[in-house]
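K.L.:
As listed in TrEMBL for this protein:
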DOMAIN    A:4-203  domain 'Glutamine amidotransferase'
ACT_SITE  A:Cys79  active site, nucleophile
ACT_SITE  A:His187  active site
ACT_SITE  A:Glu189  active site
Amino acid sequence: MIGIIDYGMGNLHSVSSALKRLDQPYFLSDRKEELAKADKLLLPGVGSFRDAMSILNGTGLADFIKAEAAAGKPLLGICLGMQLLFEESAENGITKGLGLLPGTAERFSGVTCSGETYKVPHMGWNKLEYNRTSPLTENLDEGYVYFVHSYAVQTDDSACVIAQAHYGDRSVPAVVGQNNIFGTQFHPEKSSETGMTILSNFCKLAEGAKA
Amino acid sequence: MLTKRIIPCLDVKEGRVVKGVQFVNLIDAGDPVELAAFYDREGADELVFLDISASHEGRQTMIDVVERVASQLAIPFTVGGGINSLEDMKRVLRAGADKVSVNTAALLRPELITEGADYFGSQCIVTAIDAKYDETLGSWRVYTHGGRKPTEWEVTAWAKEAVKRGSGEILLTSMDQDGEKSGFNLKLTKAVSEAVTVPVIASGGAGNAQHFYEAFTEGKADAGLAASIFHYKETSVREVKRELKGKGMVIR
């Protein structure tokens, strides 16, 4: 059973509809005791990093997620939920994240090194380029997925980047993972068949599977 | 690099798709959910639903439609028509739409854009603009009420104002071209695309794949929207995308 962490940030409707279509049992909850019963956790999120962390810290969900992650429970962060897995974000001043993955979220500058401007947010369909294999991206060949975000993760640990997309002059971590921790910067639930395959792969992750 | 998006638009009245839709292999061609699923399979990058219901009951029905579409669709969709307040936005977005589009209500009260963007984020708020060339203005004038009432706004000025207020996308319809199938208004599309920093969806005048190609190259649009050519099967989303790919465009 998948537990969707409902902490008041983001559109849970589309994620739960997608799981329903995949015929995957799930429940929504903001209670640690309930979520502890799930065998996989999903952390969605739309909005500001600072607001999200402030809720997660205030409710004790941040410590809960860290403990569950440390115990090996598979966790998937989506969009802002993925960024929260990292160490910190520069959104509205530096805010500490969950620190489960190495890296920080920084705003797209909107200008390339050579001075050309590009639009921010990065909104629309972009192509995944695979860095390495992972159980999360099984059965996918080339695929386009739907992004909406103004901040992107920067990491020195290229091993945690499973797939990336190119935007402006940046390489944008799109699918990330380390051990039992996974994240997608795009919205798999809005990314047609490619996105549904990724969600389905997460649902089917075998116990102890590594990113 | 982002793909150029192809967006079919569906007019919904009292919960049913109107403007005759000619599809085979559909049990009920007027059902928005069935059509949404069809366009998803065809490779549409996004869908726009325009609620043209005149009654309060019709608008209530639209919420059910949005919920049903959201439960079936795995691509983003926008709902417009009759969005007059933050409350209207909340209803539609909570029912599962990804974006709302505002038009007349935003021209009458531009704060609506700001309120929506502050509450939901810019990415949720699309400003739809209906524009028509105006000799005296030497440019395109913005109209309200489905193109019936002229405003004081010149199109690029209003587009910039909408973006300044937090709109994350512009849906630009050329009234001169709408329904003509002679191609998008490239000058208008280019003028607005160059005036703002957010994506512009060109609308009005699409007749074939070449028209989309021109809108994306000469018109500098990020997306192209069409209704009748897809509904009447004069071409298909799949066919348009195949032709655009053949011309070297980045298309999903």
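Just so you know, glycine gets a Cβ as well, placed from its N, Cα and C.
Worth saying up front: this structure is predicted, and the values here are computed from it rather than measured.
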K.L.:
State the Cα to Cα distance, in Å, between A:His187 (active site) and A:Cys79 (active site, nucleophile), rounded to an integer.
P.N.:
6
K.L.:
I'd like to know the mean pLDDT over the domain 'Glutamine amidotransferase' (A:4-203).
P.N.:
94
K.L.:
How many other Cβ atoms are found within 10 Å of the Cβ atom of A:His187 (active site), counting all protein chains shown?
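P.N.:
Around A:His187 (active site), other Cβ atoms within 10 Å: 25.
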K.L.:
Looking only at DSSP and grouping its letters into three states, which state does A:Cys79 (active site, nucleophile) belong to?
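P.N.:
In the DSSP reduction, A:Cys79 (active site, nucleophile) maps to coil.
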K.L.:
What is the interatomic distance between the Cα atoms of A:Cys79 (active site, nucleophile) and A:Glu189 (active site), given in whole Å?
P.N.:
11
K.L.:
Taking the Cβ of A:Glu189 (active site) as the reference point, list residues of the same chain whose Cβ is under 8 angstroms away and which are at least six residues distant in sequence.
P.N.:
A:Ser14, A:Val15, A:Ser17, A:Ala18, A:Ile78, A:Gly195, A:Met196, A:Leu199
K.L.:
Can you count the other CB atoms that lie within 10 A of the CB of A:Cys79 (active site, nucleophile)?
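P.N.:
So the Cβ neighbour count for A:Cys79 (active site, nucleophile) comes to 26.
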